[in-house]
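Beneath this line is the structure, given in structure tokens, with notes to follow.
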Amino acid sequence: MALNLAQSAAAAACFATAGDARRAASVVAMPSSSSAAATTSLRMKRQVACEPVACRAVGRHVAAGAASSRRNGVPVFVMMPLDTVSKCGSALNRRKAVAASLAALKSAGVEGIMVDVWWGIVESEGPGRYNFDGYMELMEMARKTGLKVQAVMSFHQCGGNVGDSVNIPLPRWVVEEMERDNDLAYTDQWGRRNFEYISLGCDAMPVFKGRTPVECYTDFMRAFRDHFASFLGDTIVEIQVGMGPAGELRYPSYPESNGTWRFPGIGAFQCNDRHMRSSLKAAAEARGKPEWGHGGPTDAGGYNNWPEDTVFFRGNCGGWSTEYGEFFLSWYSQMLLEHGERVLSGATSVFGDGAGAGAKISVKVAGIHWHYGTRSHAPELTAGYYNTRHRDGYLPIARMLARHGAVLNFTCVEMRDHEQPQEAQCMPEALVRQVAAAARAAGVGLAGENALPRYDGTAHDQVVAAAADRAAEDRMVAFTYLRMGPDLFHPDNWRRFVAFVRRMSESGSPREAAESAAHGVAQATGSLVHEAAVALRS
């Protein structure tokens with residue numbers, strides 16, 4: 001006779017915290033041939049193991065050790081599905097799946113979850129009309145389960161980027177305004193408009209019924225703070241502020257929608273809407289070169305070119321290395337930095353000075369690792385990162401974040417150089433090292449994510465090496481795992497994931513010991529994990 005799923009989760013979580021998975025397994029199942037006396041005895045053990053008060057007592061016994069190991073390691077969060085909350089905003093999608101999944105994650109020793117709080121869902125009905133009901137249900141479930149939450153202020157469209165499995169547009173009233181005035185959208189040199197995120201060129205313009213885009217973002221964050229005040233700092237421990245497509249501080253230079261861009265193309269500059277062109281014109285005139293203000297480079301190729309295909313990005317003598325190239329790239333990257341400053345100023349006005357109850361603010365930076373080995377680093381340049389072989393484009397970003405006390409969240413931590421196409425000179429490992437050095441120099445915390453779903457031990461090893469198995473001052477402050485779904489709860493993937501979480505949270509924990517403990521936890525939570533996987537597929 002086995003425990004029910006809720007009891008299984010409670011017992012496993014209790015004993016997993018104490019680092020004794022074998023005891024969890026012994027509590028969760030008993031042989032079918034046990035005697036009535038043994039059944040009675042086991043029932044009493046279950047009550048002790050699964051009673052919340054008793055579990056808290058066990059927790060007190062190990063709390064100091066657990067807290068110490070957590071300080072010595074890196075807490076792991078797991079991204080929720082993109083469509084966790086229904087498009088109407090009032091309820092959770094697949095509530096049973098969410099409940100089972102949260103219980104399973106807790107049993108594995110996961111610190112918490114990350115969830116996108118979609119602008120296009122919450123404020124869809126009209127300016128200032130916010131519906132957080134579905135998210136409130138999720139926060140209450142997380143608190144009850146004992147999980148922390150990283151809440152992402154997602155001011156971008158979902159759909160059109162790597163991993164986007166659903167479509168969630170910007171709020172209807174925003175899209176209508178952008179359709180009336182296309183220059184509110186990012187625009188490339190061929191006139192292609194991108195509606196993923198409002199162009200930063202109009203950040204300070206009252207184009208949305210008297211409000212500027214930055215005011216819209218700030219009002220949204222204020223409404224979130226007021227609605228979830230009782231959760232901030234306790235359950236909600238981080239606010240990640242969206243700053244561009246995919247929530248990242250960058251231009252939409254490599255959109256996948258409609259086949260516009262394919263890896264490993266260099267992308268394209270996004271500076272041809274009316275507002276960006278006006279800013280460029282003013283900067284060129286101030287430089288005494290008005291002829292430079294008519295638009296971006298016209299010899300920078302197309303979305304799917306490689307650097308050597310173009311005049312602008314070619315070798316040492318391309319336009320990127322000329323006086324004009326320096327002027328344009330400085331202006332383009334500075335516009336992105338100033339956008340970050342404006343949005344972060346809004347965020348700190350809402351969550352700073354104790355209003356956020358200790359919740360951290362973070363910003364996500366894209367891991368653009370392809371063509372990193374070239375001199376020009378073309379894909380980074382088109383995205384707004386002025387990073388070349390001779391110039392550090394990430395230190396200015398890290399310093400900007402430092403001024404606001406924000407954490408730098410970076411992707412592609414799971415990747416190894418040799419796994420990528422070498423002809424495209426992909427160097428994710430070197431890129432992660434460069435960004436880590438920039439964060440360290442600026443004095444900001446560095447957090448990480450995996451860019452693509454990975455469930456194999458090789459990817460886990462790479463993350464552990466980059467994030468946790470380092471000197472204390474060089475460890476990441478958190479790692480967020482992409483993404484919760486039925487594949488994560490496949491028995492083999494789940495066992496490897498549990499071992500990965502243990503290695504991350506207890507830095508220096510031997511792999512063999514982590515895998516042994518993971519085997520016990522996986523056995524103890526098998527029925528719960530199976531339920532989560534089935535419910536997520538439904």
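Quick reminder: no glycine exception, Cβ is built from N, Cα and C everywhere.
Curation plays no part in TrEMBL annotations; they are all automatic predictions.
Quantities reported herein were computed from a predicted structural model and do not represent experimental measurements.
For D116, H156, D164, K364, H369, T411, N450, A451, R483, the entry in TrEMBL reads substrate binding site. Feature annotation from TrEMBL assigns active site, proton donor to E248. Annotated active site, proton acceptor per TrEMBL: E449, in sequence order.
Overlay of TrEMBL feature records on the structure.
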| residue | record | Cβ neighbours (10 Å) |
| --- | --- | --- |
| D116 | substrate binding site | 25 |
| E248 | active site, proton donor | 24 |
| H369 | substrate binding site | 26 |
| E449 | active site, proton acceptor | 22 |
| N450 | substrate binding site | 22 |
| R483 | substrate binding site | 19 |
The residue listed as 'active site, proton acceptor' and H369 (substrate binding site), Cα-Cα, nearest whole angstrom: 14
Cα-Cα separation of N450 (substrate binding site) and E248 (active site, proton donor), in Å? 14
Spatial separation of R483 (substrate binding site) from the residue listed as 'active site, proton donor' - C-alpha basis, Å: 17
